[in-house]
Amino acid sequence: MGKKRIMFFASLLLITIFLSFSYAGITRESPLSIGKTLSSSNGVYELGFFSFNNSQNQYVGIWFKGIIPRVVVWVANREKPVTDSAANLTISSNGSLLLFNENHSVVWSIGETFASNGSRAELTDNGNLVVIDNNSGRTLWESFEHFGDTMLPFSNLMYNLATGEKRVLTSWKSHTDPSPGDFTVQITPQVPSQACTMRGSKTYWRSGPWAKTRFTGIPVMDDTYTSPFSLQQDTNGSGSFTYFERNFKLSYIMITSEGSLKIFQHNGMDWELNFEAPENSCDIYGFCGPFGICVMSVPPKCKCFKGFVPKSIEEWKRGNWTDGCVRHTELHCQGNTNGKTVNGFYHVANIKPPDFYEFASFVDAEGCYQICLHNCSCLAFAYINGIGCLMWNQDLMDAVQFSAGGEILSIRLASSELGGNKRNKIIVASIVSLSLFVILAFAAFCFLRYKVKHTVSAKISKIASKEAWNNDLEPQDVSGLKFFEMNTIQTATDNFSLSNKLGQGGFGSVYKGKLQDGKEIAVKRLSSSSGQGKEEFMNEIVLISKLQHKNLVRILGCCIEGEERLLVYEFLLNKSLDTFLFDSRKRLEIDWPKRFNIIEGIARGLHYLHRDSCLRVIHRDLKVSNILLDEKMNPKISDFGLARMYQGTEYQDNTRRVAGTLGYMAPEYAWTGMFSEKSDIYSFGVILLEIITGEKISRFSYGRQGKTLLAYAWESWCESGGIDLLDKDVADSCHPLEVERCVQIGLLCVQHQPADRPNTMELLSMLTTTSDLTSPKQPTFVVHTRDEESLSQGLITVNEMTQSVILGR
């Protein structure tokens with residue numbers, strides 16, 4: 001009896017200690033005091049009081065729970081520490097969050113009051129401290145909108161020119177003083193935007209302009225870079241920069257008291273520094289002054305652009321380059337406007353684009369050159385992949401030349417700076433050319449007789465392709481697109497032999513080929529009976545030639561000859577996802593980590609189409625057979641014949657010609673022809689469930705009632721969280737919680753109402769964090785009828801081929 005009483009009191013003591021040191025939330029009745037902490041639901045972050053070096057100054061802050069040494073990512077009272085042990089953080093009668101000292105004076109507050117009968121403060125697993133209305137569940141205030149020196153995944157920097165609102169990082173004064181320091185980090189309202197570290201009102205470091213998935217002034221961010229960032233700007237004068245992180249890793253971005261912008265990631269044992277800027281002298285803003293280039297060498301050094309000389313030779317010799325350079329020969333622009341060329345452009349490679357650029361929309365590379373040439377105030381231009389045309393009308397400031405990467409900058413110079421006496425060069429070149437012509441004329445004539453038939457045929461083929469494009473297919477800007485000759489394609493594919501056939505879809509066959517230079521290609525040969533006409537063919541060429549992302553297939557060119565229409569793509573070794581997923585042997589090659597990587601890659605590609613691409617694209621035919629895999633099993637979205645371009649951030653339209661693949665089509669699209677971004681989200685949800693189960697939606701039938709894949713997924717999620725949906729061949733390689741989360745995300749994507757489905761930003765957040773998910777509702781397309789001879793859906797028939805359905809008005 002005595003032992004039982006001792007155990008009872010010991011248990012009671014442990015419970016009391018636990019309750020006294022860890023809170024589920026802060027309320028008016030349950031404040032947070034010194035010595036107690038508030039943890040996020042999964043124990044990722046912790047909120048509490050802390051001090052530096054056993055100082056009496058106490059701060060309320062958020063840090064990573066269980067990681068030593070402590071990394072504080074947010075401080076509430078950064079300017080006003082408390083010095084007494086009776087301080088506490090609590091909810092006031094008007095719903096505000098307040099920090100009181102022992103005299104019950106307010107030391108810090110969120111600065112807002114709410115017409116709320118009750119509220120509480122909670123800490124999310126994203127590290128966001130939120131004040132929530134108890135009645136409506138609405139978030140009244142959040143720390144993610146009030147930054148300190150640190151940015152966590154899924155928080156965002158932003159600006160709004162209309163309201164004047166701006167969200168920035170502000171450094172600490174020192175590593176033991178969290179009060180505001182000298183440095184801030186912000187995104188600029190320029191188009192395109194760039195990230196800048198400011199020292200007071202002066203720029204200290206800048207990233208270079210944003211190019212869809214990368215900052216052009218950071219050389220490690222090349223075209224193959226997998227970006228954890230997203231930057232959105234709209235026409236109303238607002239923009240936001242969001243930081244993601246993959247695979248549930250702990251990470252953060254911070255600005256130090258010395259002005260160093262750093263990105264850290266935890267490897268399970270320690271923090272790794274993944275990025276730092278400025279890293280050397282060339283990163284310091286304007287290090288070489290106007291029209292100077294900082295050459296990224298060891299040590300860094302300054303030089304002037306061609307056609308420019310140091311403004312002060314003496315200062316330049318002393319190593320003081322901030323005065324920069326001045327033009328050696330003045331420009332005379334009048335001649336360029338009346339047809340006589342007196343100025344030209346000198347091209348410099350591997351350059352970080354200078355500051356003070358201006359964006360010219362809807363201009364191709366040639367147009368960019370022509371506009372700058374005929375504008376006397378245009379000093380330079382660059383046509384940048386992912387941006388388009390940038391021009392400079394002011395001094396070229398903060399230019400850096402990298403050893404690799406960077407952009408090509410074209411600088412306007414007087415013609416005399418571009419290579420000496422042009423007339424003498426022309427005369428010499430003419431004499432040499434004439435001599436060579438006389439010597440080679442006879443040999444060329446003989447050779448021409450032999451080659452003329454082949455050459456004429458090839459030219460006719462190439463001209464036919466271009467004329468068909470120009471006259472028949474209503475040309476659009478496809479700069480950089482190559483027109484292949486028909487005989488080149490026939491040779492590469494061995495005249496479209498069956499041994500080179502990779503597969504066949506609704507719009508024709510796909511063949512493997514090899515060009516004369518050894519490059520492997522995939523050729524899509526459109527069938528005349530496929531139903532893909534001029535519009536779809538042009539659509540696919542225009543779209544893919546402009547879209548560039550690691551998770552989208554890349555088009556190399558096309559061929560148009562007579563009735564033949566061919567598209568030439570990069571060849572991907574592992575073909576399409578369905579060849580692995582639905583093959584009993586090959587499916588063993590894609591374990592759960594690879595499947596999750598494929599899921600995430602498709603989501604990133606879709607996010608690029610919907611939000612990060614300047615065209616804004618709805619795919620309309622997303623399915624497993626349109627997901628191609630490279631040699632590393634990275635997914636690439638393909639087949640843009642049915643895709644639609646749109647402007648703005650949200651889009652909805654309807655069509656009389658409903659084209660897509662039944663089973664992957666959203667209900668509103670299949671029934672009424674209405675499509676939007678959420679139509680693609682529905683298709684993604686179906687693909688996600690197929691990847692989890694290894695089952696094809698058009699072939700799946702479960703139980704005596706013949707349940708569809710969606711019906712079975714819903715039933716499994718309701719009964720077991722969805723873990724029994726997983727393909728048994730990959731069960732040993734999975735994390736059960738990750739699988740259950742993916743099942744729930746898949747069901748959220750296939751909701752009947754488009755408004756209930758997530759957008760791509762929310763989708764990426766769901767896949768890459770452990771934040772709470774909303775519960776899905778029962779999806780549509782779950783009722784099957786079954787007789788002895790056939791199995792058919794009660795609502796709609798599923799077919800593997802892309803279909804077109806004409807709807808009445």
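A Cβ is built for glycine as well, from the same backbone N, Cα and C atoms used for every other residue.
Residues annotated as ATP binding site in Swiss-Prot, with sequence analysis given as evidence: LEU502, GLY503, GLN504, GLY505, GLY506, PHE507, GLY508, SER509, VAL510, LYS524. With a cut-off of 8 Å between CB atoms and residues at least 6 apart in sequence, the same chain places LYS501, LEU502, GLY503, GLN504, ALA522, VAL523, LYS524, ARG525 near VAL510 (ATP binding site), listed in sequence order. DSSP gives VAL510 (ATP binding site) a strand state.
Residues or ranges marked as disulfide bond by Swiss-Prot: CYS282-CYS294 (among others). A 10 Å cutoff on Cβ-Cβ distances gives CYS294 (disulfide bond) a total of 24 other Cβ atoms nearby, all chains included.
DSSP assigns CYS288 (disulfide bond) to coil in the three-state reduction, outside any helix or strand. According to Swiss-Prot, the feature disulfide bond maps to CYS288-CYS302 (among others).
Remark: CYS389 (disulfide bond) has PHE359, ALA360, SER361, VAL363, ASP364, ALA365, GLY367, CYS368, ILE371, PHE381, ALA382, TYR383 as non-local neighbours, by Cβ distance under 8 Å and separation of at least 6 in sequence. The feature disulfide bond is assigned by Swiss-Prot to CYS368-CYS389 (among others), with similarity to another entry given as support.
The secondary structure of CYS378 (disulfide bond), as reduced to three states from DSSP, is coil rather than helix or strand. What Swiss-Prot records for CYS372-CYS378 (among others) is disulfide bond, and it gives similarity to another entry as the kind of evidence.
Summarising the annotation, Swiss-Prot assigns domain 'EGF-like' to 278-314. Counting same-chain residues at least six beyond the ends of the domain 'EGF-like' (278-314), those with a Cβ under 8 angstroms from any Cβ of the stretch are 197, 202-206, 219, 259-260, 321-329, 346, 348, 351, 355, 395-403, 411, 413-414, 417.
Per Swiss-Prot, the feature domain 'Protein kinase' maps to 496-781.
The annotation N-linked glycosylation site is assigned in Swiss-Prot to ASN53 (among others) on the grounds of sequence analysis. Under DSSP, ASN53 (N-linked glycosylation site) is assigned to coil, being neither helix nor strand in the three-state scheme. Within the same chain, residues at least 6 positions away in sequence whose Cβ sits under 8 Å from that of ASN53 (N-linked glycosylation site) are THR176.
The number of other Cβ atoms within 10 Å of the Cβ belonging to ASN88 (N-linked glycosylation site), over all protein chains shown, comes to 20. Per Swiss-Prot, N-linked glycosylation site is recorded for ASN88 (among others).
As annotated by Swiss-Prot, N-linked glycosylation site applies to ASN94 (among others).
Annotation for ASN103 (N-linked glycosylation site): no same-chain Cβ neighbours under 8 Å separated by at least 6 residues are found. In the three-state DSSP assignment, the secondary structure recorded for ASN103 (N-linked glycosylation site) is coil. For ASN103 (among others), the entry in Swiss-Prot reads N-linked glycosylation site, with the evidence type sequence analysis.
Annotation comment: Swiss-Prot describes ASN117 (among others) as N-linked glycosylation site.
There are 14 other CB atoms within 10 A of the CB of ASN134 (N-linked glycosylation site), with all protein chains counted. Marked as N-linked glycosylation site by Swiss-Prot: ASN134 (among others).
According to Swiss-Prot, the feature N-linked glycosylation site maps to ASN236 (among others), an assignment based on sequence analysis. For the recorded site, ASN236 (N-linked glycosylation site), the DSSP three-state label reads coil. Long-range neighbours of ASN236 (N-linked glycosylation site) (same chain, six or more residues apart, CB within less than 8 Å of its CB): ALA162.
According to Swiss-Prot, the feature N-linked glycosylation site maps to ASN320 (among others). ASN320 (N-linked glycosylation site) carries neither a helix nor a strand DSSP state and counts as coil.
Per Swiss-Prot, N-linked glycosylation site is recorded for ASN375 (among others). In the structure as shown, the Cβ atom of ASN375 (N-linked glycosylation site) sits within 10 Å of 16 other Cβ atoms.
Secondary structure of the region 'CaM-binding' (585-602) per DSSP, as helix, strand and coil residue counts: 15 helix, 0 strand, 3 coil. Closest to GLY508 (ATP binding site) by Cα-Cα distance, out of the recorded positions ASN88, ASN94, CYS282, ASN320, is CYS282. Of all the modified residues given, namely SER545, SER625, SER638, the one with the smallest number of surrounding CB atoms inside 10 A is SER545. CYS282 (disulfide bond) sits 8 Å from CYS288 (disulfide bond), taking the C-alpha atoms as the reference points. Most buried of the recorded positions CYS282, CYS288, CYS302, CYS378, LEU502, judged by other Cβ atoms within 10 Å, is CYS288.
The Cβ neighbour count for CYS368 (disulfide bond), using a 10 Å radius and every protein chain shown, is 21. Local packing around the Cβ, expressed as the count of other Cβ atoms within 10 angstroms, is greatest for SER698 among the recorded positions ASN94, ASN320, GLN504, SER698.
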